[in-house]
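Peer 1: Take a look at this one; I'll ask things after.
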Amino acid sequence: MGQTLTTPLSLTLTHFSDVRARAHNLSVGVRKGRWQTFCSSEWPTLHVGWPRDGTFDLSVILQVKTKVMDPGPHGHPDQVAYIITWEDLVRNPPPWVKPFLHTPSTSKSTLLALEVPKNRTLDPPKPVLPDESQQDLLFQDPLPHPPHNPLLEPPPYNSPSPPVLSPVSPTTPSAPTPSSLVSSSTPPSSPAPPELTPRTPPQTPRLRLRRAEGQDGPSTWQSSLFPLRTVNRTIQYWPFSASDLYNWKTHNPSFSQDPQALTSLIESILLTHQPTWDDCQQLLQVLLTTEERQRVLLEARKNVPGPGGLPTQLPNEIDEGFPLTRPDWDYETAPGRESLRIYRQALLAGLKGAGKRPTNLAKVRTITQGKDESPAAFMERLLEGFRMYTPFDPEAPEHKATVAMSFIDQAALDIKGKLQRLDGIQTHGLQELVREAEKVYNKRETPEEREARLIKEQEEREDRRDRKRDKHLTKILAAVVTEKRAGKSGETRRRPKVDKDQCAYCKERGHWIKDCPKRPRDQKKPAPVLTLGEDSE
């Protein structure tokens, strides 16, 4: 049995229900047709190393994301939802993606601030003059100082008192080293550091250590490494610029003309820019008319989720989830950000609901495949038409048969003939129909082949016309020659002229043809003579 090659694109298409659920968690929506089109046709043309079968390489995904989210005219706002969903599949891989991911070669570390232990006992100050037991230390040679290494210097701390030296045991014959310096700063809330087991100090110390005398045992090395602590993140805010609003309004159709395109644009803006409540109002004010804005707000208030996740009908919950006046949400807190997320989600649902037009199947039937349009692009336009002019989802299983019949009937003639000859059309899925149509589309002649064929057909038509004209001229010439020949033969068959006294029969002179003795004569019967008393019959 043969083996099937699994690619990132085919893997995501097989588990597309999980992909759609992942996108829903990111507050965006993705469609299977566009997912396949962007991966196999659009992103390879960005020249960042994206293969036609997709990839799980995070560096390539981030390069595509940079190109797609370009704020200039070369950006692709309609593709943002798809590339960030792809990125999330790699950053938080589901079980069916993990076997295909590359293991990172290096690990990243986070540098955090050190915290001084809280319960720190201050060492007593060292005596100014040594006692009698330590006088012998004055006559010994001092130990050499270690080489200065700036990497081993501790970070600066704001300590209320200068550092002090730890006491040295009288029995220790060595002088204190620079590593025995201890900071005396004591922050109010920090646990005491654990003590290390007795051991010899390392050759190259990386931690701040000090030597302390135990009560009943030898000296121990205690660590002064402070516990790590995290720092609160601060949310940065960038309002919309006037140029952004102008470009969005100028380079995109109006909501009444193409609601799907403008909805995709606003969806990408909500995802990438993370706008506040005021920014959302500014966006609606610029991109929508008054009537369109009222319809969007009305539909959005119908889709405010309740405690169970379903749309609620309670006015107080609707006003709380989708307020019409400026709320007092604190975006630095988790509840404030959650309220803003629910507001954006309801606003996006309102845009999609207001973009649906009255049911008009006649509009759907007018969507036909173009002369040079690919089957995948035609299928995408057809699905958009169903979403725009019908109330049902064309990708739902119960409506796929209707979409399939429309795709076959409204396709190009050569593709339509091929699809109509398939066995069991009702059992074929939409993707299977597109693949069969692609086979016919890819076998079409190129423009060069078409031009050569037209030239050849023109030459053949001219040859047939010349042959027909030559044949007609041949018939005319043949008729003329035949007539001339007939005229000449008629002249030769005329009787020769005779003189006035010459017989035309025997050519002798002295009599005419009627009196020619050599001419045979017919025996005439004598006319009957009637007698008296007989009647003629």
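Sequential numbering from 1, following the chain as shown.
Any Cβ shown, glycine's included, is placed from N, Cα and C.
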Peer 1: If you check Swiss-Prot, which stretch out of 29-32, 125-128, 173-176 is marked motif 'PTAP/PSAP motif'?
Peer 2: 173-176
Peer 1: Checking feature assignment: motif 'PPXY motif' per Swiss-Prot, candidates 154-157, 338-341, 418-421. Which range matches?
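Peer 2: It is 154-157 that Swiss-Prot annotates as motif 'PPXY motif'.
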Peer 1: Would you mind telling me which of 33-50, 393-410, 501-518 Swiss-Prot tags as zinc finger?
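Peer 2: From Swiss-Prot, the annotated zinc finger range turns out to be 501-518.
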Peer 1: Mind checking which residues of the chain, 6+ beyond the ends of the compositional bias 'Basic and acidic residues' (443-465), have their Cβ under 8 Å from one of its Cβ atoms?
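Peer 2: Distant Cβ neighbours of the compositional bias 'Basic and acidic residues' (443-465) are 414.
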